[in-house]
């Protein structure tokens, strides 16, 4: 019996000498051995609503299916379709009409029979307004103001120069026109003066005639005293 066991051990040791043994089963974690263990479910939802402020690379939301599409300054992770902000700003939603490419085979397969227009929901991140506290902008504004004033001065100088050149070219005709108008005004003034002189003479003559027709009060008094 002992010799048989010795032969058996020798045979097994020679046959199984080059075999590498390894453990087939993995160790269990403490949570798996507990009763009522359930795997934690992943919740798909949007963490930010319109009007919320986000920072750069901040997560906006997760989704199982492609329900919300990335818009302005918004990126999407191709692995789990999660949306994140590319720049810091404010979150806004929009619903826009999609112009489908009819040459795409997927569009031909899924949207060929759609009569109504197709709309998608987009998420945008509007960046914060930058404060104009830069010296460069201030210098640019000063330069623009200087250019504006120089342009205005050049325009006014050109206008006055054109007027002076026009007067220099046609000064004789302008002087003649001025003289004619002055002569007409002088003639009209002389006519008005003559008319006023004639009117004054007529008034004086009428006053003299009235004075002759009216008797004096002293003569009336002497006549009355003589009668008495």
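A Cβ is built for glycine as well, from the same backbone N, Cα and C atoms used for every other residue.
Automatic prediction, not curation, is the source of TrEMBL annotations.
Of the candidate ranges 129-148, 149-168, 169-188, TrEMBL annotates residues 149-168 with the feature transmembrane segment. Looking at the coiled coil (182-227) alone, the prediction's average pLDDT is 68.
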